Amino acid sequence: MSFLNTIRGLGRSSKKNKKDIEPNAASSFYGHTEVPGSHIRRQSPTRASSPSKSGRSSNTSSPIKRNRPLQPTLQKQSQQSQVQFQHSSPKRAAASLNKSNQNTSIQPTQLPLFLCEPYVKTALVKGSFKTIVQLPKYVDYGEWLALNIFELFNNLNRFYGVISDYVTPEAFPTMNAGPNTNYLWVDSNGQAVNLPAGQYIEYVISWISNKLNDQSIFPTKNGGAFPPNFLKDCKNITRQMFRIFAHIYHNHFEKIIHLSLEAHWNSFFAHFVSFVKEFNLIDRSELEPLLPLIENFEQQGKII
C-alpha cells in the first residue's frame with residue numbers, strides 16, 4: 001500500500017508541476033516571413049540612372065515591450081525572494097545575481113537557412129576557385145576583368161530569371177538583404193529612393209547591360225583601349241551584382257533549395273567572391289549582409 005500511495009503522490013505532484021510550468025514557444029527550423037504589402041502602395045516607376053551612388057540604410061529599431069503589472073501572488077513571491085536575498089551572504093547574492101543576468105541576457109538566435117547545415121556545405125566541386133580567377137600569364141588585365149564580369153553577370157541574370165516571378169512588389173516592397181539592410185536607388189535627380197526589390201533589380205540588370213554593350217567602356221574590337229575609369233565601372237558593376245546575391249540569399253534561398261540548385265548557387269557565389277576578392281573590386285564593408293557565409297566558405301577552403 002505504501003508503494004501505491006507513493007505512486008499516487010508522485011502522480012499528483014507531477015500534475016501540479018505540469019500545471020505550473022508555462023509552455024515554451026516552438027521554434028521552427030527556419031522561417032520566411034513575407035513583408036506585408038497590402039497597406040503599402042507601389043511607388044511610381046522611377047527613371048533608371050546610374051546606381052553607383054546608391055546608398056544603404058539600416059533598420060536597428062525594435063518595438064518596446066510593455067511590462068505587465070505583477071499579480072499579488074507574484075509580488076509576494078518577489079518580496080520573499082528579496083528578503084532571502086538580503087539574508088544571504090554577499091558572495092551568494094552576487095553569484096545568484098550574475099546567474100540571473102546571464103539567463104535573461106541569453107536569447108535564442110535563429111540562423112538564416114543558407115547558414116544551416118547541410119546547405120552551407122553544399123557545393124558542386126571541392127576546393128577553391130583561386131586558380132580559376134587568377135590572371136593568366138600573357139593575358140591583358142582589362143580583358144580578363146571584362147571577360148569574367150561578362151560571364152558572371154550572364155549567369156546571375158539566368159539565376160534571377162528562375163525566381164523573378166516571386167519578387168513581387170507586394171511581397172518585397174523594398175530592396176532588402178535581411179532585416180537590417182535596405183538598398184536605396186539614386187534617381188536621375190540624385191535623390192535616394194526606396195524601390196520594390198523587383199524594380200530595383202530590373203534597373204540594375206538594365207544598367208549593367210548598357211555598360212557591357214558600351215564600346216567605349218568594354219571594347220570588343222582588336223586594339224580597343226579600355227578607358228581610364230574602367231576599373232571604377234567594374235567595381236560599381238560587381239557591387240550591384242553582390243546586392244542581387246544578398247537579396248536572393250536572404251529572401252529566396254528556400255526556392256533555390258526547392259529547385260535543387262543550392263549546390264550550383266553556392267559554388268557560383270564562391271566563384272564570384274573569389275573573383276572580386278582577387279582584384280579588390282568590393283570593399284569588405286559592402287559584403288556585410290553575407291559576411292558570415294563568406295567567412296564560413298573561407299573556413300571550408302572554398303574561398304582563399
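Yeah, the Cβs are placed from backbone N, Cα and C, and that goes for glycine too.
Keep in mind that TrEMBL annotations are predicted by a computer and have not been checked by a curator.
Residues or ranges marked as region 'Disordered' in TrEMBL: 1-104.
Under the heading compositional bias 'Low complexity', TrEMBL lists 49-62 (among others).
Summarising the annotation, TrEMBL assigns compositional bias 'Low complexity' to 71-88 (among others).
Its own atom aside, the Cβ of His252 (Zn(2+) binding site) has 22 Cβ atoms within 10 angstroms in the protein chains shown. If you look up TrEMBL, you'll see His247, His252 marked as Zn(2+) binding site.
Taking all protein chains in view, 25 other C-beta atoms sit within 10 angstroms of the C-beta of His247 (Zn(2+) binding site).
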